[in-house]
Each structure stands twice: as structure tokens, then as C-alpha cells.
Amino acid sequence: MAKAKFERSKPHVNIGTIGHVDHGKTTLTAAITTVLAKAGGAEARGYDQIDAAPEERERGITISTAHVEYETETRHYAHVDCPGHADYVKNMITGAAQMDGGILVVSAADGPMPQTREHILLSRQVGVPYIVVFLNKCDMVDDEELLELVEMEVRDLLSEYGFPGDDIPVVKGSALKALQGDAEWEAKIIELMAEVDSYIPTPERETDKPFLMPVEDVFSITGRGTVATGRVERGIVKVGDVVEIIGLAEENASTTVTGVEMFRKLLDQAQAGDNIGALLRGVAREDIQRGQVLAKSGSVKAHAKFKAEVFVLSKEEGGRHTPFFANYRPQFYFRTTDVTGIIQLPEGTEMVMPGDNIEMTIELIAPIAIEEGTKFSIREGGRTVGYGVVATIVE
């Protein structure tokens, strides 16, 4: 069959299936592609094709992830499904698979289980903004009251972790029956996708966000001034824009961009993804350094203390061979630089083993431009021993 060309004109959204092992995440993923394929919006993928997810070596850690794509009448979706629990943890913390929304799959026959809770917490910590619930295996539950009870439990659990549990759409279905072509249950998949279409908003495009560029290198041009180079992370910068230099200093400095250069050509503006040199007015060579960021005034602040969700590499993944304790002082690598920081472990946690994932408080010795959702790696003597994401700013 000829590969259908996906229309790129539709808005694009990244989603994924989350939930407890064996509750039907992969079966649901297969069912979505199969049901949408009938409407010409996908290439049908069988359970086995998705379950045999290839292992990806993302920066030295092995993550198994299946990627499928499909479209509804209004949108184009990229969908991730992970076979193992550890894969989710790694995926979500490293941002290997960014999710604009998640489909939480809960077996109606079992109700919420430990990983249901863990995936909701992870979604909260790493900033998955919206969740839609699919109560699966409803064909196995005859008792309507039991279904209502499970739905209530799931809603309560979502509320407990700061999601709007009462307002979240819950669709009751059977992924397996839909996959087998049973029309009654296929309709539930269509209903689920309609909820995903309407409940999960189209994400703001990178170019619409406020400008931010991590500084990679700095040099001076005689007679013209100081140039900071780097890749624009988000937003747009135009000649004449006022920007702040943020991080690694007590005060933010403000300056005007007097020139934007890319591939030795002068531009009026640059946008997310461009590698540029920005000429800065009145900034001395020593006033700016790698590790700082240039950003739209007032859009981001420098912080030194924050809570983070961290995944510690196992020995096999090239991480530490031994546990670490409170007051451990590794380097935290944000964007383009390492900053030393001190770790505080949660109460009752004595030590952290290689392979663990944990929430910890980190205090850097110098402030850095960070926000909730900023990713970082933890390094020791030049090698990576963990990855993390900022969950909440403390100060």
C-alpha cells in the first residue's frame, strides 16, 4: 500500500499513553491507529508492531519507545507509547518525548494501581499539562456501579496531584474489542479522539513564546562591540530589541540587540532553531559569559534553589557504581554550562541508589535562568550520572 502523505497543514500535537503495566496502553495505541485508518487518518499498526518498540540510545541511556502518527479531522498527532515503566520515567524526565497531553489508561477491571499514581505524579512534575482518561476493558465489567466507582477513584487521584479531576473527560471503552473491529467499541475510540481533539489545546508554537537564547560563546569585534553566539531556544529576536543577560550574576543586565548575524549574513530577525551571533550594545566582553542566557526582558528569572524530579543512571548506563547521600555536591549542567549544587534529600530518604528516580531539592552556588520544566543533567568529573527536570522553584 502506498504510504499516505500526512497533511502538514493541520496543527500538530504530541501525545502519549500513560498508565499501569497491562492496563492496555499499547492495545489502545494499536486500536487508535486501526480505527482512524478506516477514515484514512492513519496507517493501521498491530499490537506486535508497537510492542516491539525499538530501543533508542538517547545520550547514552537506553529508552524503548514506540512512535506512531495519525490524524483526526482537525489535527495531526505524534503519539508515544513505552513498553516498560522505567522507559516512561526516563522519557519524561529527559524530555526525549515531549507531551502536550496524555491519555491515561486505567483498566476498569482493576482500578487505579501503583503506576497509575506514579505516572500521574510524573506528569505533574515534568509538566504534562492535560490528561484525558480512557477506562479500558469495560467489556469485562458488567456492573455499572463498579464502573462509576472506578471513574470516581481515578478522578480523585487526578485531583490529588493537582489536575482538575472533576472536569477531565473520561471515556469508557475496550481497546481490544475496538482493535478486533467491534463497531460498538470502535465508536468509543472515535469518542476518545474527539475528547483529545477538544480538551487538549494546541500548544503554543516555539516562535510565539518569549525570546530566549543560551549563550555558547562570546567574542568582541573591534569597533563594533561584543557578540554572543548560540542557538535560539524559543521566540524571535529583532534588531533593536531590548534583552536581558540572565544568570551567574547578582543582577540581570539589560542591553539592546544592535545586529543579528547568521552564517556571516546580517538579518533583521532570527527565530527558534536559528544559530546566531547577537551584537550587544554597551556590553563589555567580560560582562557576559557562556552559561548565561539572553532573554526578552522580564520573561525569565535566575534562581538558585529548586525542587526537581531526578532519574539517576544505573551502573550499566555509565552512571555511579555506589549510592550518594544528602549534601552530595555534583555539577548541574543547564543548557550550556555546569554549576555546582548541593542536594537535599526528602525526609526519610538516607541515600539514592544508581537507577533510582527521586524528587530532591537542589541549591546551586550561582543562580541560573530556570523555569518549571527546565531540563538539566547531573555530572561528576565530566561524566553524566543523572538527568532531571525542574518541578518547582523554591527561591
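Placement of Cβ uses the backbone N, Cα and C atoms for every residue, glycine included.
Caution: TrEMBL annotation is automatic and unverified by curators.
It should be emphasised that the depicted structure is a prediction, and the values quoted were computed from it without experimental measurement.
In the shown protein chains, 23 other C-beta atoms lie within 10 A of the C-beta of Thr26 (Mg(2+) binding site). The GTP binding site feature in TrEMBL is assigned to 19-26, 81-85, 136-139.
Per TrEMBL, Mg(2+) binding site is recorded for Thr26.
If you look up TrEMBL, you'll see 10-204 marked as domain 'Tr-type G'.
In sequence order, Thr17, Ile18, Gly19, Asp81, Val105 are the residues of the chain that are 6 or more apart from Lys25 (GTP binding site) and have a CB within less than 8 Å of its CB. Looking at Cys82, Cys138, the binding-site residues in this record, the fewest other C-beta atoms within 10 angstroms of the C-beta turn up around Cys138. In sequence order, Val21, Gln115, Glu118 are the residues of the chain that are 6 or more apart from His85 (GTP binding site) and have a CB within less than 8 Å of its CB.
In this structure the alpha carbons, written CA, of Thr26 (Mg(2+) binding site) and Cys82 (GTP binding site) are 8 Å apart. Shown are the binding-site residues Gly19, Asp22; the one with the most C-beta atoms within 10 angstroms of its own C-beta is Gly19. The secondary structure of Asp22 (GTP binding site), as reduced to three states from DSSP, is coil rather than helix or strand.
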